[in-house]
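*Asks:* Just lifted these from TrEMBL, have a look:
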TRANSMEM  39-59  transmembrane segment
TRANSMEM  71-93  transmembrane segment
TRANSMEM  168-190  transmembrane segment
TRANSMEM  202-220  transmembrane segment
Amino acid sequence: MTVFHFFNCAILTFGPHAVYYSATPLSEYDTLGTSVKAAFVYLGTALVKLVCLATFLNVSENDSFDLYQELLKALIGFIDVAGLYFALTQLTYRNISQNHKFQAVGLGWAFADSVLHRLAPLWVGARGLEFTWDYILQGLESNANLVLSISLAALGSLMWLRKNKPKTLIPIIYICALIVATMPSITSYLRRDMDWHFPKVVGFELFTSMVMAFTSWQLFSACQRPSA
């Protein structure tokens, strides 16, 4: 039963990444190498973030929300944006379209994040003797992170790669990117200061990911239309 629960949680956590790759044109255009490169960029970015967090953040004795620490953490979190910029603009890829590039980068980014933050807790905890919903919720959180990562990659693609976008949409693109980039700090505030329980936070992440996905899709579609 414990092994069955572990495999269920693992499929929920990592399965959607494989499904997204195989069910979209990414598999037809052989963009796996692009996703792997993006995953390695994420790992390097995570290492830089870890060093910055260990250097500049103080260890709090309680779990209360500290505005200064959270603002500093959010600022350090923008290293992710820098890493995503590098992955989208500086790495060399096969001749793939902008549409496929941001999806492949976002997919690799999200998969690396899930492996780094969820594989070890899943392996240790989901095989325990006692059933818990926590790892199912972690799987759902991983799905929300997948959608948010692809949305942020789409917004980054519009910001850094598309030159002829409508000027009226530029502020909306940057605002949406800011919201997605600061999601870790937002959820931290909801947990610590608002005392939201984990299921409620995951529900918020799922709802926000769907809204951001729809918004980024609309923005990407609008920027692809020929200007009048």
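Placed from the backbone N, Cα and C atoms, the Cβ positions cover glycine too.
What's the neighbourhood like for these features in this structure?
*Replies:* Long-range Cβ contacts of the transmembrane segment (71-93) within its own chain (Cβ-Cβ under 8 Å, at least 6 residues beyond either end) map to 31, 33-34, 37-38, 41-42, 44-45, 48-49, 52-53, 56-57, 101-102, 104-105, 108-109, 152-153, 156-157, 160-161, 177, 181-182, 184-185, 188.
Long-range contacts of the transmembrane segment (168-190) within the same chain, counting only residues at least 6 positions beyond its ends with a Cβ under 8 Å from a Cβ of the stretch, are 65, 70-71, 73-74, 77-78, 80-81, 148, 151-152, 155-156, 158-159, 196, 200-201, 204-205, 208, 212, 215-216, 219, 222-223.
Beyond the transmembrane segment (202-220), the same-chain residues lying 6 or more positions past its ends with a Cβ under 8 Å from any Cβ of the stretch are 99, 137, 140-141, 143-145, 147-148, 150-151, 154-155, 157-158, 169, 172-173, 176, 179-180, 183, 187, 190, 196.
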